[in-house]
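Remarks on the structure that follows.
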Amino acid sequence: MPLKWKTSSPAIWKFPVPVLKTSRSTPLSPAYISLVEEEDQHLKLCLGSEMGLSSHLQSCKAGSTRIFTSNSHSSVVLQGFDQLRLDGLLCDVTLMPGDTDDAYPVHRVMMASASDYFKAMFTGGMKEQELMCIKLHGVSRVGLRKIIDFIYTAKLSLNMDTLQDTLEAASFLQILPVLDFCKVFLISGVTLDNCVEVGRIANTYHLTEVDKYVNSFVLKNFAALLSTGEFLKLPFERLAFVLSSNSLKRCTELDLFKATCRWLRLEEPRMDVAAKLMKNIRFPLMTPQELINYVQTVDFMRTDNTCVNLLLEASNYQMMPFMQPVMQSDRTAIRSDTTRLVTLGGVLRQQLVVSKELRMYDEKTHEWKSLAPMDAPRYQHGIAVIGNFLYVVGGQSNYDTKGKTAVDTVFRFDPRYNKWIQVASLNEKRTFFHLSALKGFLYAVGGRNAAGELPTVECYNPRTNEWTYVAKMNEPHYGHAGTVYGGVMYISGGITHDTFQKELMCFDPDTDKWTQKAPMTTVRGLHCMCTVGDRLYVIGGNHFRGTSDYDDVLSCEYYSPILDQWTPIASMLRGQSDVGVAVFENKIYVVGGYSWNNRCMVEIVQKYDPEKNEWHKVFDLPESLGGIRACTLTVYPPEEATPSPSRESPLSGP
């Protein structure tokens, strides 16, 4: 009698052939052949026509053993068990929810295979192992039905009305896939209207991923929550988290203070946590007028000792603007989690005019965006960062390769307000020098001016807003590079009396002394230097070719302070001298500069990966700039900044 399969969709079904027994006297079912034709051309060849069947079977048997897999088998078995359940066949236990007397006959083996809870119940020697009817206290009727339906069908329907019952049941019975589905459902459905409730559910059932998402959602949309009043329903812990976060967007500190006061006054017991919440408001970033008109007029801000001290802190901070970089704390920091590569100044390739542009690079949009420009154009200047304040020191406002137009002025940029102020000037005008920030001080090393090359070193103290001289170098240097590591400053290479150097010097501010270290393997000047981990990298620059011309130095190396030893690394892709350099996410970015081999300013930005020892060209400046400088700053997100036009930067001529 021929074999028959009842099927309406052959493409779904795949049957393992080895179970088929046939002979020349037993014709194959046309239905089976049809299935094979649609599923496996190789089997079709093996089965062949009845006339050539034996030879084909022999050739198949002669080959290696084959394993066949049915993609539909598991779903067929699952459907079979579900039908048995619906028909009440072979069920060996009845489950009852804790809130009703409803009864649900099921198969122990199915429940145990899907749940560690039921596996332990039915195989661990518990009394329920022998019971025919089990009451599940803590599981509702709705939740139990959802769990049973999922185990037998692999499908789960959810809405906000059934979600909590389903979560309780899945958590109680340890049905992990259902928990995952509930997480996805919650995250995908978060809105301004329900985010507080979703957060409560996440906290109740320890849904960490959902809780993190709600935090992120509230941070991103807190300004909108303020306008709707939904923030008043937030629990203390989540509100405190929001107020302390650097990721909070589009809210002023005054907005946050007023909102917190509203939240506190909604219920009397909330006033007990007033001081804890106010510690997260950044009062030093408010204006004096805001503090006087809106903050000091609130009763508990005048009576609670903690709140009074917060106001005193803000007042003292604002009274000492020059000291602010060394007074930084969580309450004085910019409320942003965005750190960007920043460039400033430089001399333009064609017109030889000097830029005063301050830009940051947005890696998401691959665009340069403008921040407040400097008060005066600069190139060959020194830059350094203390407490996320950017200092721009000395340099030149006019294009002059001899340094005769060096300046002594110093400016400081505050990214919190996108503003510049002028601070104390250098004792000597300097250009082609190095500037480092070390232990809360600035050190301006060497350089040149109209009087010639400089061996002197000046130190700026933000606490007194003064520059003072410290120990000078043994010889004058300009075009050198420097970096800091381990509480000391290192200076490499440069030019002394028109001779390129390869020496490495170390300055210890505690002893006010210079010491010599192992020299570089290559002489170079107008190069750059930076620190990554415990390595001091020296990159690019140029040196003499013969007696009157210059060559790019493509070779690079790093210095180990522990070993007092230099090691070569991969060479640059293209020569760059007189550049900006910054370390961002443990990668070294070399920005702009001048190529002596090509005799032109360059716009290229090259990135070096210390782990892979590889160089890559990553992006370009909006224009070719030599004598440019670079660093990293924490700034407000790029979407809140102004896009920088490619060829229309604010430049100032000589």
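Cβ from N, Cα, C; glycine included.
Over the domain 'BTB' (91-160), the average per-residue pLDDT in this prediction is 93. Residues annotated as domain 'BTB' in Swiss-Prot, with sequence analysis given as evidence: 91-160.
The domain 'BACK' feature in Swiss-Prot is assigned to 195-296. Secondary structure of the domain 'BACK' (195-296) per DSSP (helix as H, G, I; strand as E, B; remaining residues coil): 79 helix, 0 strand, 23 coil.
Annotated repeat 'Kelch 1' per Swiss-Prot: 340-388, in sequence order.
Residues or ranges marked as repeat 'Kelch 2' by Swiss-Prot: 389-440.
Residues or ranges marked as repeat 'Kelch 3' by Swiss-Prot: 441-487.
Summarising the annotation, Swiss-Prot assigns repeat 'Kelch 4' to 489-534.
Per Swiss-Prot, repeat 'Kelch 5' is recorded for 536-586.
Break the repeat 'Kelch 6' (587-635) down by DSSP state and the numbers are 0 helix, 31 strand, 18 coil. The repeat 'Kelch 6' feature in Swiss-Prot is assigned to 587-635.
Sorting the domain 'BTB' (91-160) by DSSP state (H, G, I as helix; E, B as strand; all else coil) yields 32 helix, 12 strand, 26 coil. Here the repeat 'Kelch 4' (489-534) has, by DSSP, the following mix of helix, strand and coil residues: 0 helix, 24 strand, 22 coil.
Per DSSP, the secondary structure of the repeat 'Kelch 5' (536-586) breaks down as 0 helix, 28 strand, 23 coil.
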